[in-house]
Amino acid sequence: MEKKKVVLAYSGGLDTSVAIKWLQEKNYDIIALCLDLGEGKDLAFVKEKALSVGAIKSYMIDVQEEFANEYALMAMQAHTLYEGKYPLVSALSRPLIAKKLVEIAEQEGATAVAHGCTGKGNDQVRFEVSIQALNPYLEVIAPVREWKWSREEEIAYAKENNVPIPINLDSPFSIDQNLWGRSNECGILEDPWAAPPEDAYEMTLALEDTPNKPEFVEIGFEAGVPTTLNGTAYPLSELIKTLNALAGKHGVGRIDHVENRLVGIKSREVYECPAAMTLITAHKELEDLTLVKEVAHFKPMIEQKITELIYNGLWFSPLKQALHAFLQETQKNVTGTVRVKLFKGHAIVEGRKSEYSLYDEKLATYTAQDEFNHDAAVGFISLFGLPTKVYSQVNQKKVEA
């Protein structure tokens, strides 16, 4: 019987390594796909590990710049903070992973793709909805969801099949990381009352260990895209990495969040997003300077919907594409520089400037240079308040009657 091909999203961890053996038993030839999203793994080792476990082919693709420009950038411009706190670290990477799975499957003539998600997380939804949107004819296999093993049973299976056991397997935490940040759950973090231990963090320093002097960074934007730090130009992926180090040193971007998952449960997670939180803060301030009032007040409603769509795995939905078009239109004049003070866990904007600034000091000042027409206020107030005045007059007459 001829074997079918499956492309597996491979991380190098226990679950996806065991999945290779499990899929082999189901008569599949496995093609492993590992993406470099800026998480800092030894990806050459991961690529070779897939082959040693049993994959017939192993891909390692650097997608850092694509992730930065096509995914993280939109999240920053839309100020995506799920439930007001979480900058969608993991949710942003899933549609890109799904896209690459489909591309390699089509290139290799595979009939299926596979992922290592469990049956109680959001990621299974994000992967499978994205894959269906890109190629509805591919079979999607979720080995971890299907085999329903305990951790002990999985380890026993790995030992029986000579699958290497990761040396960090005794770590209580489940970690996901990319350019945009780091998420951490499980272990002691499952108790929402327990304080996160310091070893739960990696990208940021504890406030007690941060410098006692602030550091200032000037972030330059061109049409809504961060392009420079302190006058030095960077590709977006490198700018994010550099800012992660700068802001992380000052403890910026630590988030402890109990969130409402798509699958109906609450989960407690700890996030580290130093660059993401700094960029979102700076970008919002530059928009305040350059967007007209109507757009500035309407845009948060669009941002909320974009955030929900991304969190819920609907990156490739028609609505998300339509809202992205609106978002891009708003960014044409978001050009300028924002000065941010990094200090003791805070990213504080202390200055902003733009050639497209709608702030006119001669209109805003209370000095002798004031050019605002104060006399125009009388007529404006009369017309602006007219509906309220008429309503009051009508209802007072009824009371008197």
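Residue numbers in this text run from 1 along the chain shown.
Each Cβ is built from the backbone N, Cα and C atoms, and glycine gets one as well.
Copied from Swiss-Prot, the annotated features are:
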BINDING   ALA9, TYR10, SER11, GLY12, GLY13, LEU14, ASP15, THR16, SER17, GLY116  ATP binding site
BINDING   TYR86, ASN122, ARG126, SER174, SER183, GLU259, TYR271  L-citrulline binding site
BINDING   THR118, ASN122, ASP123  L-aspartate binding site
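Structure coloured by features recorded in Swiss-Prot.
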residue	record	DSSP (3 states)
ALA9	ATP binding site	strand
ASP15	ATP binding site	helix
THR118	L-aspartate binding site	coil
ARG126	L-citrulline binding site	helix
SER174	L-citrulline binding site	strand
TYR271	L-citrulline binding site	strand
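The ATP site is defined by ALA9, TYR10, SER11, GLY12, GLY13, LEU14, ASP15, THR16, SER17, GLY116, and by the 8 Å test on Cβ atoms against their centroid, the other residues of the chain that qualify are VAL18, ALA19. Each residue contributes its Cα atom, and for ALA9 (ATP binding site) and THR118 (L-aspartate binding site) those atoms are 14 Å apart. Between the CA atoms of SER17 (ATP binding site) and THR118 (L-aspartate binding site) there is a gap of 15 Å, rounded to the nearest whole number. The secondary structure of GLU259 (L-citrulline binding site), as reduced to three states from DSSP, is extended strand. Residues CYS117, LYS120, GLY121, GLN124, VAL125, ARG126, VAL263 surround the recorded L-aspartate site, their Cβ atoms falling within 8 Å of the Cβ centroid of THR118, ASN122, ASP123, which are themselves excluded.
Within the same chain, the residues at least 6 positions away from TYR86 (L-citrulline binding site) whose Cβ sits under 8 Å from its Cβ are ILE255, HIS257, GLU259, GLU269, TYR271, listed in sequence order.
A simple Cβ count within 10 Å picks out one of the binding-site residues SER11, SER17, THR118, ASN122, SER183 as the most packed, and that one is SER17. Between SER11 (ATP binding site) and SER174 (L-citrulline binding site), the C-alpha separation comes to 13 Å.
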